[in-house]
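**Student:** Here Swiss-Prot flags H566, H570, C668, H672 as Zn(2+) binding site.
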Amino acid sequence: MKHLTSAEVRQMFLDFFKEKGHAVEPSASLVPHEDPSLLWINSGVATLKKYFDGRVVPENPRIVNAQKSIRTNDIENVGKTARHHTFFEMLGNFSIGDYFKEEAITWAWEFLTSEKWIGFDPELLSVTVHPEDEEAYTLWAEKIGVPEERIIRLEGNFWDIGEGPSGPNTEIFYDRGEKYGNDPSDSELYPGGENDRYLEVWNLVFSEFNHNPDGTYTPLPKKNIDTGMGLERMVSVIQDVSTNFDTDLFMPIIEATERISGDAYGKDAVKDTAFKVIADHIRTVAFAVSDGALPSNEGRGYVLRRLLRRAVRYAKTLGISRPFMYELVPTVAGIMDAFYPEVKEKQEFIAKVIKTEEERFHETLNEGLAILSDVIKKEKEKGSGIISGKDVFKLYDTYGFPVELTEEYAEDEQMTVDHKGFEAEMEKQRERARNARQDVGSMQVQGGALRDITAESTFVGYSAVKAEAKVIELLHDGQLISEAHEGDTVQILLDKTPFYAESGGQIGDRGVLRSEQAVVTIKDVKKAPNGQHVHEGTVDSGTIQKGASVTAEVEDQMRSGVVKNHTATHLLHQALKDVLGTHVNQAGSLVTENRLRFDFSHFGQVTKEELERIEGIVNEKIWESIPVAIDLKPINEAKEMGAMALFGEKYGDIVRVVQVGDYSLELCGGCHVTNTAEIGLFKIVSESGIGAGTRRIEAVTGKGAYQEMNSQLSLLQHAADELKSNVKDVPKRIQSLQAELKEAQRENESLLSKLGNVEAGAILSKVKDIGGVKVLAEKVNAKDMNHLRTMVDDLKAKLGSAVIILGAVQNEKVNLSAGVTKDLIEKGLHAGKMVKQAAEVCGGGGGGRPDMAQAGGKHPEKLEEALASAVDWIKSVL
């Protein structure tokens, strides 16, 4: 067997299947694009669902990829086992209705055993098949020549995710030798059993059935192949190491951690776990941040926060008690640079994000640990082995402890966490709810007439908004029809069209189709699975027929607004990078005729001054009258030019490059102005945060910007009228009114203070003597808690030595304030305990220091009773 690096194995896999006629699908972003069913891309097939379910027909039905993936369902096992990871790479070859079992099995065996490729000894390979999959069994036994004793039938060899495509699978296992298991009595010592000797290196799924809603299975019209090979696992076999962490994918990170910690890997099992956790988690976080995710308290951002804080916790085992994870980013970038250059390109930004998060956690870690230690001690003293949900939530909400981190500390003390209680607290704090994602099926059922339409349709709308065309297909409710009549809702495909189909954030065009017999209003345009533009509309009059000649005309005013807004988003994107930093990336957009919406990654708020600069830059570029050039270029040439790619989009070998002078350069398939002067004016309407690390700007251009500014001027004029002022004097008038208001508030405070003194003086006659101590417990008039506290302070000063508790009713609620002079504290009198006693009577709570405390209550009618209970408490102490 050859010794290969991880980079060589990855490239060898892609090259092998490229030779077999497969198209190499680039690794997609870890952040799913337009797939609400996934938090992360979690497999090689996840990014190909659109091909498997028929929404899009691939140019080549044979696909191969190396896909970065994240799975977080078993984080607690990472570092404690040989092969659990949160970030990993899946190598896979796929067939969308092309080849099937024979080719998949034959090629897998060739790749693994041929000296040209991996070069495994065939005698060390075994396979598993489903008991009823006779075809796969026969192929392994007769075509490949695997001995029957190394073909194991396992009931679990069936891939099924519920409704949708499913089928049997076959797995290939490598025998690592007797040093990993040689006990004849071990019932799990076989390929497919729970053991370390026989390692699964490849899983081939034969998707040949549809799992129907009623639980039955029917054959698929087009059978698919979906295979998966974990790169880390495969490399561990090739490099002959005991765990994935000992491969060249992880060891440079572990070695860097050794240098930081001064500790050694491979000497102590507990410390080895820490090294592994750190190595795994920094890979995940670095790649996720490079793809636009940022630490937060919800969704995927919460996963990153949890991983970083788990790593910090384990780092303490190695004696590391400072931010350090960010120092490992260049190491991760260096390992993966050959295939994933994005981490290296963004390593400064990634390191900054990680360092900021580490510093934030270190600030609260020690305080949080002290609180947790007290909680654990308290529960143990009570004889309890459970940390309450309230305490877990407090640690999460106040100190940033993920519940899983608290759970790990609890396990160290042989305690458990009250998860139900924690979830109940989370429910009360809905704004901190982690994520409520749509429950969307991960695979749709094959089918639909649109998928089978292969007739070509040409888009001519970049240069024209009107064209003569022929109807090549008509559909109603997803079914092909030959004609449609007045009032019918239809989908129409033309041989050529000026109508843009919704994509890249730009909405589909609206307009009209006219034939000699019919008029059809087009309300929207979308792309069919094979790329044609599907015109959705209603027959206004007459009858439209398949084969009819039509004049297709886009609503000119609508398109005019769209192109202005689309080019403006390109200018805005570059302006954001100029002002906020190069880390800014597009995270989504919407371009309509009336306005534009642009979502972008940024981990801080955008200040008013920054927004003004951004808006100013965009308008300067508009007024410079810059020509907009659009060219088709090879993808590599476009990238070398520095063209920005859109978030989540995938591109072919030839791409459309939109260039605004020397200012903006993007890959884009949308419609644009020919010169920035056509945009006229750009005005930001709003800027806000829409999620962890993602901001949104909404803006208008041209006529819309003019109307927006007029609206703002009208509002300003209305304010001036109300203030009885000129528009230009509005700021001065407001400042003058604010000064008058402050003066009135000061006078009000002074009057209230005087009234308070009067009232305080008036109630001095109500002081009681209890056991030689002056006691005053009275209901008073006070506007708020501050006023009440001031009265208590004044009375303490007047009486010299006294216990005072005052109560007031405000807005149907009770305020209580208590004070004890220093000389009486030594006698056991305590303002906090006294006010707590009173508050409980009127349905509230509170407390404070021995000399000063406050509380609140819900039942004003019980205030007198509450004050009486305070007096009783004083008597009990004295």
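Quick reminder: no glycine exception, Cβ is built from N, Cα and C everywhere.
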**Student:** With DSSP assignments reduced to helix, strand and coil, which class does H570 (Zn(2+) binding site) get?
**Tutor:** helix
**Student:** Counting only residues 6+ apart in the same chain, whose Cβ is under 8 Å from the Cβ of H672 (Zn(2+) binding site)?
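**Tutor:** Long-range Cβ contacts: V563, H566, T567, H570, V628, I630, V658.
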**Student:** Note the Cβ centroid of H566, H570, C668, H672, the recorded Zn(2+) site, then list each other residue of that chain whose Cβ lies within 8 Å of it, in sequence.
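**Tutor:** Those within range, site residues removed, are V563, T567, T569, V628, V658, E666, G670, C671.
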**Student:** Can you check what DSSP calls H672 (Zn(2+) binding site), collapsed to helix, strand or coil?
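**Tutor:** In the DSSP reduction, H672 (Zn(2+) binding site) maps to coil.
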**Student:** Including all protein chains shown, what's the count of other C-beta atoms within 10 A of the C-beta of C668 (Zn(2+) binding site)?
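**Tutor:** Cβ-Cβ neighbours of C668 (Zn(2+) binding site) within 10 Å number 24.
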